[in-house]
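Quick notes on the structure that follows.
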Amino acid sequence: MIVSLKELNKFLPKIQLDLSIEKVINNLGYEVESITKFSDVKGIKFAKVLNVYKNPNSKKLNVVDLQTNKGNITIQTVANNVKKGYFTVAFVENSKANGIVYSSKEIAGIASQGMLSGYSELGFNQSLMPIDKDDLIMIKDKEITLDTDPIKYFELDDYILDITTPSNRADINSYYVLALEIAAYLNTEFKWFNLDIRKEAKLISKLQVDKKEAEELTFLEVELVNKETRLKDMLFLVKHNIEAKNNWAIDITNLNLILNGTPTHAYDKNKIGNKLKCEFFNGKLNILGNKEVILDNSLVISDENKPISIASVMGLEQTAVDNSSQKIVLEIGAFNPRIIRKTAKNIKLESQSSIQGSRGINYQMIINGMKFLIYKANEDKQFFSNAINLPRKKANNYVNISKHKLATYTNLSIKNLSIFSEVEKKLKYLGFKMDKNRVTIPSYRSDISCYEDVIEEYFRFYGYDKFIPKAPFLLNNKIIPKTITKEKISSQGYQEVRTFTLTSEKNKKFNFLNFDNTVKLKTFVSLEREIIRNSIIPSLLEVAEYNDKRKIKNFSIFEHGLINKETFVYGLLSTTKTFEQMKQDIINLIGDDSIDFKPFKNNEFVHPNVSAQIYKNNVLIGWLGKINPRYTSLNCFVAEFKNLEKENDYFTLNGEKNNNSEIKNKFLFKEYDNSPLKTTDITFSLKNEEMIGKKINELKENYEIFDCRIIDVYNLENTKNITIRITAKNNVINQINDSFHNKGE
């Protein structure tokens, strides 16, 4: 929405608006996108044309003799619309525009004492005016004298505000409601056009209206006595980036849209019938601009024989007003916003009228708009009829008051709601009525449907800035470990199996998690079910061997079950996955890439070259690898690791509660650093029997490392050189380089 500060101030006569109005508008819940100074001219004067003649030394230059309030001057121009006896605007000597100071200069043998101005030099977009772009200002107006200040006359000392308004409110896209709300907010007088004085109709219209598919549909018939638009009205339109046609019938529709937010259409009375209605239409129409569009079940305004416009979107060529039109018909309607949006989208035409119509026009806006049309027709000496099919006044909507809701939203007790007493006075100024149990809504506010909407009005006029912001109290300094679900394991490519928790005593030797005791049953049904297994791996191997004997070679299985005393583990077995793939599966399932995998060599039942123990916070939680080929012929990788969520106090070791504070791992949130990570390579020379894991652990303990991996191994006779690549923040990499490369370690 474009707003002129000078124009807005006319409706608030008791105060002087300045740039601080931006804060007021923002506090009301709208957003001022920009404020632009309209014009930057100083020292200009009105001058009366005394004479105009050709410069004898130039084919293009015209010499203009002018009278100003400081004496006569001469200015040369190439413009050809200069007329004797008219007033124009002159940039006289020492006047300024956009940093340029004008002075006298001899041109083609004659002194030119400044420059004559067009509207563009004053800040207006002359391409939006019904004059040639090179024409100068030529005015005959009884209000103008030589002492009249052009800056005041043209309202050049102005600022243009670009305001974003709520999409659910059509009423606020108007000077009327914006000025009214500012007046209420600032406790000042609001003065609008005097629309309620009785204006006698001078025409009797024969129009008959049936609104049919429209919510409301009203007309006004006008016989034009003055076809042209007042200059100040045209300049008002141009300030709002709307083209001025100097055709009263067309320009009045745009004035009504800007001032009242009411889409208005004009028709040539001689091109339409007398029986008008709103109906659905399918087919081709030729809209203004001589463009053909295809309508699909769209609303149109029609007479007895044909459509005459697309409702709230665009007029048609065959019924358009032109400069020869003597009798016109003005129409205002309210239509289903959804249909208006659909029509505008289908024909790929978005006009200010369609945008406003798609927000929803209510009956009060139609009444206000029609009153303004009658007021303006009377002011401009036109003949007009009474409004035809004007909406009847309806009972206002209301919502029930809930002080409990207001107290809840404001974080106040009900007894302290008296702080809103001044707000309620402002709302009453806007037309709200506060009864004991309900609030009656102004007729122009169709967007309010519940008490929460009324609370929003309380907040707007109380002032959002008066509410002290308080951060919510959040205690979220611990990240809960990820939950491992059967679905999550299945998504990694494993199928679930179920086996017996009890096993033969001969299997107690499979004790990969180093339990001190084996849990033996006092009574048992058979020797195959006499103890609780110490590992879930033998159970999975039984399933694997069973399938292998039936020629099922490729599979991945898992089980979640009990081992030893109240220890739950996850068991994995795969004949298709590699060590690295299963390692990554375990990291993904536990959800913590800081777990350590250390070589597993001190157990006769595991393959020493391809097995690793799994540690978390230096505590053994599982293992990954292969069974020693002496105990199984299957070529598969297996893994088992504790279900940490089943353990007490974060998790338990060996079935006993562990109070190690390191195990109760607290993860604190850190501020995110978006700078790129760096890498560095370090080569360690080790004896053949030494493991690189010790060096890696030392690095992780001393530095905050993101990733550390082996990239090269070079074997010598008695030693081996292992190169690792470290990824970390830039400052950490610098510390590592200082410690290792500079010292030659």
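Glycine too: its Cβ is placed from the backbone N, Cα and C atoms.
These come from TrEMBL:
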DOMAIN    38-152  domain 'TRNA-binding'
DOMAIN    383-469  domain 'B5'
BINDING   Asp447, Asp453, Glu456, Glu457  Mg(2+) binding site
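Reduced to three states, the DSSP call for Asp447 (Mg(2+) binding site) is coil.
For the domain 'B5' (383-469), DSSP puts the residue distribution at 39 helix, 11 strand, 37 coil. Neighbour counts of Cβ atoms within 10 Å were compared for the binding-site residues Asp447, Glu456, and the top value is held by Asp447. The residues near the Mg(2+) site, meaning same-chain residues not in Asp447, Asp453, Glu456, Glu457 whose C-beta sits within 8 angstroms of the mean position of the site's C-beta atoms, are Arg445, Ile448, Glu452, Val454, Ile455, in sequence order. Secondary structure counts, DSSP: the domain 'TRNA-binding' (38-152) has 9 helix, 44 strand, 62 coil.
Taking the Cβ of Glu457 (Mg(2+) binding site) as reference, residues of its chain lying under 8 Å away and at least six apart in sequence are, in sequence order, Leu427, Phe432, Ile448.
For Asp453 (Mg(2+) binding site), the same-chain residues lying six or more positions away in sequence with a CB closer than 8 A to its CB are Val399, Asp447.
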